[in-house]
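Enquirer: Handing you this structure, nothing more for now.
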Amino acid sequence: MSIEINNISKYFGRTKVLNDITLDIPSGQMVALLGPSGSGKTTLLRIIAGLENQNAGRLSFHGTDVSRLHARDRRVGFVFQHYALFRHMTVFDNIAFGLTVLPRRERPNAAAIKQKVGQLLEMVQLGHLAERFPSQLSGGQKQRVALARALAVEPQILLLDEPFGALDAQVRKELRRWLRQLHEELKFTSVFVTHDQEEAMEVADRVVVMSQGNIEQVGTPDEVWREPATRFVLEFLGEVNRLSGEIRGSQLFIGAHHWPLDLAPMHQGSVDLFLRPWEMEVSTQSSDRCPLPVQVLEVSPRGHFWQLTVQPIGWHQDPISVVLPEGNIDAPVRGNRYYVGGLNARLYSGNQLLQPIALAQSA
(Lines of atoms letter the chains of each structure in order from A and count residues from 1; the text may use other names and numbers.)
(Lines give C-alpha, C1' and ligand atoms only; values in the text may rest on other atoms or scores of the structure.)
Protein backbone atom coordinates (compact mmCIF):
# COMPACT_ATOMS: atom_id res chain seq x y z
CA MET A 1 0.00 0.00 0.00
CA SER A 2 1.64 3.23 -1.15
CA ILE A 3 1.37 6.55 0.69
CA GLU A 4 1.17 9.89 -1.12
CA ILE A 5 1.60 13.07 0.92
CA ASN A 6 0.92 16.26 -1.01
CA ASN A 7 1.57 19.77 0.36
CA ILE A 8 0.53 18.92 3.91
CA SER A 9 0.73 21.72 6.48
CA LYS A 10 -0.12 21.63 10.16
CA TYR A 11 -0.55 24.37 12.76
CA PHE A 12 -0.74 24.11 16.53
CA GLY A 13 -2.33 27.43 17.39
CA ARG A 14 -0.32 30.00 15.45
CA THR A 15 2.77 27.81 15.24
CA LYS A 16 3.31 26.06 11.92
CA VAL A 17 4.83 22.65 12.63
CA LEU A 18 4.69 21.17 9.11
CA ASN A 19 5.53 23.29 6.06
CA ASP A 20 3.92 22.04 2.84
CA ILE A 21 5.27 18.50 3.13
CA THR A 22 5.27 16.39 -0.04
CA LEU A 23 6.48 12.79 0.07
CA ASP A 24 5.75 9.56 -1.83
CA ILE A 25 6.28 6.22 -0.08
CA PRO A 26 6.11 3.22 -2.45
CA SER A 27 4.29 0.07 -1.43
CA GLY A 28 6.40 -2.34 0.61
CA GLN A 29 9.07 0.15 1.65
CA MET A 30 10.25 0.79 5.18
CA VAL A 31 10.84 4.52 5.62
CA ALA A 32 12.44 6.33 8.56
CA LEU A 33 11.40 9.85 9.57
CA LEU A 34 14.63 11.06 11.15
CA GLY A 35 15.24 14.36 12.87
CA PRO A 36 15.77 16.17 16.17
CA SER A 37 13.00 16.99 18.63
CA GLY A 38 10.60 19.54 17.18
CA SER A 39 11.29 18.62 13.55
CA GLY A 40 7.67 17.57 12.91
CA LYS A 41 8.31 13.87 12.35
CA THR A 42 5.88 12.57 14.99
CA THR A 43 3.18 15.02 13.87
CA LEU A 44 3.52 13.74 10.30
CA LEU A 45 3.29 10.14 11.51
CA ARG A 46 0.13 10.93 13.50
CA ILE A 47 -1.44 12.60 10.46
CA ILE A 48 -0.80 9.44 8.42
CA ALA A 49 -2.43 7.43 11.21
CA GLY A 50 -5.45 9.74 11.43
CA LEU A 51 -4.65 10.75 15.01
CA GLU A 52 -4.12 14.36 13.86
CA ASN A 53 -5.73 16.29 11.02
CA GLN A 54 -3.71 18.46 8.66
CA ASN A 55 -4.75 22.07 8.07
CA ALA A 56 -3.94 21.90 4.36
CA GLY A 57 -2.90 19.33 1.80
CA ARG A 58 -3.92 15.83 0.80
CA LEU A 59 -3.07 12.37 2.13
CA SER A 60 -3.71 9.35 -0.09
CA PHE A 61 -3.27 5.61 0.30
CA HIS A 62 -2.66 3.95 -3.05
CA GLY A 63 -4.29 6.87 -4.87
CA THR A 64 -7.37 7.10 -2.61
CA ASP A 65 -7.78 10.30 -0.60
CA VAL A 66 -7.99 9.41 3.11
CA SER A 67 -7.53 12.94 4.46
CA ARG A 68 -10.96 12.96 6.12
CA LEU A 69 -11.16 9.25 6.85
CA HIS A 70 -11.36 8.31 10.53
CA ALA A 71 -8.33 6.55 12.00
CA ARG A 72 -10.30 3.34 12.63
CA ASP A 73 -11.17 3.12 8.93
CA ARG A 74 -7.65 3.58 7.56
CA ARG A 75 -6.44 0.04 8.33
CA VAL A 76 -3.25 1.40 9.86
CA GLY A 77 -1.36 -0.35 12.65
CA PHE A 78 0.32 1.94 15.20
CA VAL A 79 3.08 0.96 17.64
CA PHE A 80 3.83 3.41 20.43
CA GLN A 81 7.18 3.97 22.12
CA HIS A 82 5.83 2.99 25.53
CA TYR A 83 3.91 -0.05 24.28
CA ALA A 84 0.41 1.06 25.46
CA LEU A 85 -0.40 -2.52 26.49
CA PHE A 86 -3.45 -3.27 28.63
CA ARG A 87 -2.06 -4.15 32.05
CA HIS A 88 -5.06 -6.24 33.08
CA MET A 89 -4.89 -8.43 29.94
CA THR A 90 -2.61 -11.34 29.18
CA VAL A 91 -0.23 -11.31 26.24
CA PHE A 92 -2.75 -13.40 24.28
CA ASP A 93 -5.64 -11.04 25.02
CA ASN A 94 -3.58 -7.94 24.22
CA ILE A 95 -2.77 -9.30 20.78
CA ALA A 96 -6.35 -10.45 20.22
CA PHE A 97 -7.89 -7.14 21.31
CA GLY A 98 -8.01 -5.49 17.88
CA LEU A 99 -9.74 -8.54 16.41
CA THR A 100 -12.35 -8.74 19.17
CA VAL A 101 -13.51 -5.14 18.70
CA LEU A 102 -13.91 -5.28 14.92
CA PRO A 103 -17.46 -4.64 13.64
CA ARG A 104 -19.51 -7.83 13.90
CA ARG A 105 -19.58 -8.43 10.15
CA GLU A 106 -15.75 -8.32 10.02
CA ARG A 107 -14.98 -10.02 13.33
CA PRO A 108 -13.48 -13.53 13.13
CA ASN A 109 -14.99 -16.26 15.29
CA ALA A 110 -13.25 -17.36 18.48
CA ALA A 111 -11.45 -20.26 16.81
CA ALA A 112 -10.10 -18.03 14.04
CA ILE A 113 -8.93 -15.44 16.57
CA LYS A 114 -7.15 -18.12 18.58
CA GLN A 115 -5.42 -19.43 15.47
CA LYS A 116 -4.41 -15.93 14.33
CA VAL A 117 -3.01 -14.95 17.72
CA GLY A 118 -1.13 -18.24 17.93
CA GLN A 119 0.52 -17.55 14.58
CA LEU A 120 1.49 -14.05 15.66
CA LEU A 121 2.90 -15.30 18.95
CA GLU A 122 5.13 -17.72 17.08
CA MET A 123 6.16 -15.00 14.62
CA VAL A 124 7.29 -12.69 17.44
CA GLN A 125 8.82 -15.66 19.30
CA LEU A 126 6.62 -15.31 22.39
CA GLY A 127 4.44 -18.42 22.16
CA HIS A 128 5.60 -19.58 25.59
CA LEU A 129 4.48 -16.31 27.23
CA ALA A 130 0.87 -16.19 26.02
CA GLU A 131 -0.64 -16.27 29.52
CA ARG A 132 1.68 -13.76 31.13
CA PHE A 133 0.74 -10.18 31.96
CA PRO A 134 2.69 -7.12 30.75
CA SER A 135 4.19 -6.59 34.21
CA GLN A 136 5.90 -9.98 33.87
CA LEU A 137 7.64 -9.09 30.58
CA SER A 138 10.90 -7.37 29.70
CA GLY A 139 10.89 -4.17 27.65
CA GLY A 140 11.85 -6.03 24.50
CA GLN A 141 9.09 -8.60 25.02
CA LYS A 142 6.51 -5.85 25.58
CA GLN A 143 7.50 -4.19 22.33
CA ARG A 144 7.10 -7.48 20.44
CA VAL A 145 3.62 -7.87 21.92
CA ALA A 146 2.76 -4.32 20.82
CA LEU A 147 3.97 -5.10 17.31
CA ALA A 148 2.01 -8.36 17.15
CA ARG A 149 -1.13 -6.53 18.32
CA ALA A 150 -0.68 -3.96 15.55
CA LEU A 151 -0.25 -6.70 12.93
CA ALA A 152 -3.22 -8.75 14.13
CA VAL A 153 -5.78 -6.75 12.15
CA GLU A 154 -3.64 -7.08 8.99
CA PRO A 155 -3.08 -3.35 8.51
CA GLN A 156 -2.31 -1.92 5.10
CA ILE A 157 0.37 0.24 6.70
CA LEU A 158 2.41 -0.13 9.89
CA LEU A 159 3.45 3.03 11.75
CA LEU A 160 5.94 3.05 14.62
CA ASP A 161 6.67 6.01 16.90
CA GLU A 162 10.22 5.64 18.25
CA PRO A 163 9.50 1.94 18.81
CA PHE A 164 12.80 1.12 20.51
CA GLY A 165 13.47 4.40 22.30
CA ALA A 166 12.66 3.08 25.78
CA LEU A 167 14.93 0.02 25.50
CA ASP A 168 18.58 -0.47 26.38
CA ALA A 169 21.20 -0.46 23.62
CA GLN A 170 21.65 -4.22 23.21
CA VAL A 171 17.90 -4.94 23.11
CA ARG A 172 17.44 -2.13 20.57
CA LYS A 173 20.01 -3.71 18.26
CA GLU A 174 18.38 -7.15 18.51
CA LEU A 175 14.88 -5.78 17.84
CA ARG A 176 16.09 -3.68 14.91
CA ARG A 177 17.46 -6.79 13.20
CA TRP A 178 14.30 -8.70 14.03
CA LEU A 179 12.01 -5.96 12.67
CA ARG A 180 14.00 -5.76 9.44
CA GLN A 181 13.76 -9.55 9.00
CA LEU A 182 10.02 -9.40 9.69
CA HIS A 183 9.60 -6.68 7.09
CA GLU A 184 11.49 -8.72 4.51
CA GLU A 185 9.16 -11.64 5.21
CA LEU A 186 5.82 -9.78 5.20
CA LYS A 187 6.63 -6.88 2.83
CA PHE A 188 4.30 -4.42 4.57
CA THR A 189 4.60 -0.66 4.02
CA SER A 190 6.05 0.86 7.16
CA VAL A 191 6.95 4.32 8.43
CA PHE A 192 8.81 4.79 11.69
CA VAL A 193 9.91 7.85 13.63
CA THR A 194 13.33 7.97 15.22
CA HIS A 195 16.02 10.39 16.34
CA ASP A 196 18.52 7.50 16.41
CA GLN A 197 20.67 7.80 13.29
CA GLU A 198 22.07 4.28 13.59
CA GLU A 199 18.55 2.88 13.81
CA ALA A 200 17.43 4.74 10.69
CA MET A 201 20.51 3.70 8.70
CA GLU A 202 20.28 0.05 9.71
CA VAL A 203 16.55 -0.58 9.31
CA ALA A 204 15.15 1.76 6.64
CA ASP A 205 15.01 1.42 2.86
CA ARG A 206 14.79 5.20 2.65
CA VAL A 207 15.48 7.96 5.16
CA VAL A 208 13.53 11.22 5.34
CA VAL A 209 15.59 13.81 7.23
CA MET A 210 13.40 16.52 8.79
CA SER A 211 14.10 19.84 10.48
CA GLN A 212 11.73 22.54 11.75
CA GLY A 213 8.75 21.17 9.87
CA ASN A 214 10.59 20.77 6.56
CA ILE A 215 12.01 17.81 4.66
CA GLU A 216 15.74 18.40 4.22
CA GLN A 217 16.50 15.27 2.18
CA VAL A 218 15.01 11.96 1.07
CA GLY A 219 17.27 9.11 0.01
CA THR A 220 18.70 5.72 0.77
CA PRO A 221 20.81 5.52 3.94
CA ASP A 222 23.94 5.56 1.78
CA GLU A 223 22.76 8.59 -0.22
CA VAL A 224 21.95 10.81 2.75
CA TRP A 225 25.20 9.80 4.43
CA ARG A 226 27.57 10.25 1.50
CA GLU A 227 25.82 13.09 -0.34
CA PRO A 228 24.06 15.34 2.19
CA ALA A 229 21.75 17.72 0.34
CA THR A 230 21.93 20.55 2.88
CA ARG A 231 24.20 21.88 5.57
CA PHE A 232 21.71 20.69 8.18
CA VAL A 233 21.94 17.08 6.97
CA LEU A 234 25.74 17.27 6.90
CA GLU A 235 25.91 18.51 10.50
CA PHE A 236 23.09 16.32 11.82
CA LEU A 237 24.26 12.96 10.48
CA GLY A 238 27.32 11.56 12.18
CA GLU A 239 30.32 13.40 13.55
CA VAL A 240 31.81 16.26 11.56
CA ASN A 241 34.50 18.85 12.26
CA ARG A 242 33.51 22.44 11.46
CA LEU A 243 36.34 24.90 10.88
CA SER A 244 36.15 28.61 10.09
CA GLY A 245 38.16 29.88 7.15
CA GLU A 246 38.46 32.56 4.51
CA ILE A 247 38.89 32.33 0.75
CA ARG A 248 41.34 34.84 -0.71
CA GLY A 249 41.96 34.42 -4.41
CA SER A 250 42.73 30.74 -4.94
CA GLN A 251 43.80 30.09 -1.35
CA LEU A 252 41.76 28.88 1.62
CA PHE A 253 43.11 30.39 4.84
CA ILE A 254 42.51 28.92 8.28
CA GLY A 255 44.23 31.17 10.78
CA ALA A 256 47.76 31.78 9.48
CA HIS A 257 47.74 28.53 7.49
CA HIS A 258 46.39 27.96 4.01
CA TRP A 259 45.40 25.38 1.41
CA PRO A 260 45.64 25.93 -2.33
CA LEU A 261 42.35 25.55 -4.23
CA ASP A 262 42.00 24.04 -7.68
CA LEU A 263 40.74 27.38 -8.98
CA ALA A 264 39.79 30.82 -7.73
CA PRO A 265 36.08 30.62 -6.83
CA MET A 266 33.48 33.29 -7.40
CA HIS A 267 32.93 33.48 -3.65
CA GLN A 268 35.55 35.35 -1.68
CA GLY A 269 35.52 35.84 2.08
CA SER A 270 34.39 33.85 5.11
CA VAL A 271 33.45 30.18 4.79
CA ASP A 272 32.84 27.17 7.00
CA LEU A 273 34.81 24.04 6.17
CA PHE A 274 33.47 20.59 7.09
CA LEU A 275 35.49 17.38 7.33
CA ARG A 276 34.44 14.02 8.77
CA PRO A 277 37.01 12.56 11.22
CA TRP A 278 37.84 9.77 8.75
CA GLU A 279 38.32 12.31 5.95
CA MET A 280 41.17 13.99 7.83
CA GLU A 281 44.70 13.30 6.67
CA VAL A 282 47.52 13.13 9.23
CA SER A 283 51.23 13.71 8.69
CA THR A 284 54.31 14.13 10.87
CA GLN A 285 55.40 17.04 8.66
CA SER A 286 53.69 20.15 7.33
CA SER A 287 52.69 20.08 3.66
CA ASP A 288 50.16 21.59 1.26
CA ARG A 289 47.89 18.63 2.00
CA CYS A 290 48.39 18.77 5.78
CA PRO A 291 49.18 22.36 6.82
CA LEU A 292 47.40 22.54 10.19
CA PRO A 293 49.40 21.78 13.40
CA VAL A 294 47.68 19.84 16.19
CA GLN A 295 48.55 18.16 19.48
CA VAL A 296 47.02 14.85 20.56
CA LEU A 297 44.79 15.09 23.64
CA GLU A 298 43.22 11.61 23.67
CA VAL A 299 43.98 8.30 21.95
CA SER A 300 41.36 5.55 21.67
CA PRO A 301 42.53 2.32 19.94
CA ARG A 302 39.74 0.78 17.82
CA GLY A 303 41.49 -2.27 16.34
CA HIS A 304 42.37 -1.28 12.79
CA PHE A 305 42.37 2.47 13.51
CA TRP A 306 42.84 5.03 16.25
CA GLN A 307 40.21 7.58 17.25
CA LEU A 308 42.08 10.76 18.16
CA THR A 309 40.97 13.94 19.85
CA VAL A 310 43.42 16.67 18.90
CA GLN A 311 43.84 20.31 19.89
CA PRO A 312 44.52 22.74 17.04
CA ILE A 313 47.61 24.84 17.70
CA GLY A 314 46.91 28.50 17.07
CA TRP A 315 44.20 28.19 14.41
CA HIS A 316 41.01 26.84 16.06
CA GLN A 317 39.80 27.01 19.65
CA ASP A 318 37.97 23.71 20.15
CA PRO A 319 39.36 20.15 19.91
CA ILE A 320 38.54 18.17 16.75
CA SER A 321 38.23 14.45 16.00
CA VAL A 322 40.52 12.51 13.69
CA VAL A 323 40.44 8.86 12.61
CA LEU A 324 43.96 7.56 11.97
CA PRO A 325 44.20 4.26 10.05
CA GLU A 326 46.59 1.69 11.47
CA GLY A 327 50.00 1.68 9.76
CA ASN A 328 49.92 5.25 8.43
CA ILE A 329 52.33 6.45 11.10
CA ASP A 330 53.74 5.06 14.34
CA ALA A 331 51.22 4.42 17.11
CA PRO A 332 50.09 7.85 18.38
CA VAL A 333 50.47 8.80 22.02
CA ARG A 334 49.06 11.68 24.02
CA GLY A 335 51.11 14.83 23.51
CA ASN A 336 52.32 13.96 20.00
CA ARG A 337 52.26 16.78 17.44
CA TYR A 338 51.04 16.22 13.91
CA TYR A 339 49.75 18.15 10.92
CA VAL A 340 46.26 17.57 9.56
CA GLY A 341 44.32 18.37 6.42
CA GLY A 342 41.93 16.72 4.01
CA LEU A 343 40.99 16.88 0.35
CA ASN A 344 37.29 16.03 0.74
CA ALA A 345 36.26 19.16 2.60
CA ARG A 346 32.85 20.71 1.97
CA LEU A 347 32.82 24.50 1.99
CA TYR A 348 29.74 26.53 2.91
CA SER A 349 28.96 30.21 2.90
CA GLY A 350 26.05 30.29 5.32
CA ASN A 351 23.74 27.52 4.10
CA GLN A 352 25.04 27.70 0.52
CA LEU A 353 27.35 24.89 -0.61
CA LEU A 354 30.19 26.34 -2.69
CA GLN A 355 30.54 24.36 -5.91
CA PRO A 356 32.73 23.53 -7.66
CA ILE A 357 35.56 24.02 -5.18
CA ALA A 358 38.18 21.42 -4.36
CA LEU A 359 41.35 21.55 -2.34
CA ALA A 360 44.28 21.16 -4.70
CA GLN A 361 46.45 18.06 -4.51
CA SER A 362 49.50 20.32 -4.32
CA ALA A 363 50.40 23.97 -4.65
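Each residue, glycine too, has its Cβ placed from N, Cα and C.
Pulled these features from Swiss-Prot for this protein:
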type	residues	note
DOMAIN	3-237	domain 'ABC transporter'
BINDING	Gly35, Pro36, Ser37, Gly38, Ser39, Gly40, Lys41, Thr42	ATP binding site
Enquirer: May I ask you to report the DSSP-based helix, strand or coil state of Lys41 (ATP binding site)?
Expert: helix
Enquirer: Tell me the Cβ contacts of Thr42 (ATP binding site) under 8 Å, same chain only and six or more apart in sequence, or just say none.
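Expert: Residues satisfying the criterion: Leu33, Asp161, Glu162, Val193.
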Enquirer: Relative to the Cβ position of Pro36 (ATP binding site), how many further Cβ atoms are located within 10 Å?
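Expert: So the Cβ neighbour count for Pro36 (ATP binding site) comes to 12.
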Enquirer: Considering the binding-site residues Gly35, Gly38, Gly40, which residue's Cβ sits among the greatest number of other Cβ atoms within 10 Å?
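Expert: The largest 10 Å Cβ neighbour count belongs to Gly35.
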Enquirer: Counting Cβ atoms within 10 Å across all protein chains shown, which of the binding-site residues Ser37, Ser39 comes out on top?
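Expert: Comparing the binding-site residues Ser37, Ser39, the most crowded Cβ belongs to Ser39.
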Enquirer: Residues with Cβ closer than 8 Å to the Cβ of Lys41 (ATP binding site), same chain and 6+ apart in sequence?
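Expert: The answer is Leu33, Leu34, Gly35, Val193, Val208, Met210.
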Enquirer: For the recorded ATP site, enumerate neighbouring residues of the same chain (Cβ within 8 Å of the Cβ centroid of Gly35, Pro36, Ser37, Gly38, Ser39, Gly40, Lys41, Thr42, site residues themselves excluded), in sequence order.
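Expert: Surrounding the site, in chain order, are His195, Met210, Ser211.
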Enquirer: So what's the average pLDDT for the domain 'ABC transporter' (3-237)?
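Expert: Mean pLDDT across the domain 'ABC transporter' (3-237) comes out at 92.
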